[in-house]
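Asker: Right, I'll just put the structure down here and ask away after.
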Amino acid sequence: MLRGARSHLSASVALAAVLAAALLSSFARCSLPGRGDPVASVLSPYFGTKTRYEDVNPWLLGDPVAPRRDPELLAGTCTPVQLVALIRHGTRYPTTKQIRKLRQLQGLLQTRESVDGGSRVAAALDQWPLWYDDWMDGQLVEKGRQDMRQLALRLAALFPDLFCRENYGRLRLITSSKHRCVDSSAAFLQGLWQHYHPGLPPPDVSDMECDPPRVNDKLMRFFDHCEKFLTEVERNATALYHVEAFKTGPEMQTVLKKVAATLQVPVNNLNADLIQVAFFTCSFDLAIQGVHSPWCDVFDVDDAKVLEYLNDLKQYWKRSYGYAINSRSSCNLFQDIFLHLDKAVEQKQRSQPVSSSVILQFGHAETLLPLLSLMGYFKDKEPLTAYNFEEQVHREFRSGHIVPYASNLIFVLYHCEDAQTPQEKFQIQMLLNEKVLPLAHSQKTVALYEDLKNHYQDILQSCQTSKECNLPKVNITSDEL
């Protein structure tokens, strides 16, 4: 009976997915502006963590599978011997929480009184169906699978020695348990299959020559396993004070009034959360289907900058420099990366083949941001607060430019045969979103491997996740009892 119920549920979900895809396809065929629409393009830089990868790397709009070799990449007598990549999942559906807020907003529109000669945007939204459903809940979309397949093709072309056919069986893949990450890892493998076997359909991941992706949430979702983070940040009602304060601040109030006028609803019926989900709906429609939604017409660039800052405040205080535990909770992941690199160095020194030339780890924006913060990247002189929006217009910390969908942080270890000293034989570069990332401490584009380890010595040797994440014990004296 239970099996039959499950089969019926699966069939219903599958049918809903097909209908949703067909509905979206019909939207795209209607006389709607496409990806090159000017309004969508001017808002795109401000979508925060809901940003398309190609908006960070515009050259991909021309040819999404052609690699772009950064001129700063090492070449000549230095040969890449290992690549360790931390990859965010591809484009996804909104979460159930976001979908329910959108339904609430649509309900407000349906109950408003129509006004003759009223807002063109409000009229367009009246005709725009709400196609999101609860079952979608953050799952990877087909565009997200495409993100991963194309990234695989580009990396394989950029580092042919590492992604050679002989190394395929020795690939190591780690993933978060979330479906969007598991599915992203599978799509990446399909892209590699396409690289090795052009024109042939890929088999199931379980039938490929390499080992299937292995779930490891202690690495990819370290924040869920850090009691200090969970208590002091995740479950702490005051931890995101600056986020909540900005929601009621003058910048957001200006946006609220403008949006209320555009939608023809009382301003008291709106709040910052509803406004933000409307803005994200513009980004979802663009990212998932490449269509220009009427939700995009609700906002202008000034509104977008305010809403981007609201999103960045949350990322800053919950995942980055706002609290030390945000980044210190990622020490285990950072150390794991260097364990792989150390092993490769040791094997090369012994004239042995590198056992794992490519290690791929699939996680979340919440995986990447703390790690980059731990390494000292994108840190502004002044913290982001609810009260310095104007001063932070040119800030370094813009989450959409750092961790869009499919974002990736790559460590490339090189063996330099003609090095003058033993220390120079092993050098390292980092790439963020396929562009060489200058070292945070020196701004150089390449480092001796030992020098980089020395710079991060405290993290590699002294940062123990068990100690970092333990809550301080509260001593209760007999007087207090």
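Each residue, glycine too, has its Cβ placed from N, Cα and C.
Heads up, here are the entries from Swiss-Prot:
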| type | residues | note |
| --- | --- | --- |
| ACT_SITE | HIS89 | active site |
| CARBOHYD | ASN236 | N-linked glycosylation site |
| CARBOHYD | ASN475 | N-linked glycosylation site |
| MOTIF | 478-481 | motif 'Prevents secretion from ER' |
| SIGNAL | 1-30 | signal peptide |
Asker: Measure from the CA atom of HIS89 (active site) to the CA atom of ASN236 (N-linked glycosylation site) and give the result in Å, rounded to a whole number.
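Answerer: Answer for this pair: 27 Å between alpha carbons.
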Asker: List every residue in the same chain as HIS89 (active site), at least 6 positions away in sequence, whose Cβ is under 8 Å from its Cβ.
Answerer: LEU140, GLY144, SER176, LYS178, ARG180, CYS181, ASP183, SER184, PHE362, GLY363, HIS364, TYR405, ALA406
Asker: Quick one: mean pLDDT on the motif 'Prevents secretion from ER' (478-481)?
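Answerer: PLDDT averaged over the stretch: 48.
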Asker: Reduce the DSSP letter at ASN236 (N-linked glycosylation site) to three states and note it down.
Answerer: coil
Asker: Taking the Cβ of ASN236 (N-linked glycosylation site) as centre, how many other Cβ atoms lie within 10 Å?
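Answerer: A count of 13.
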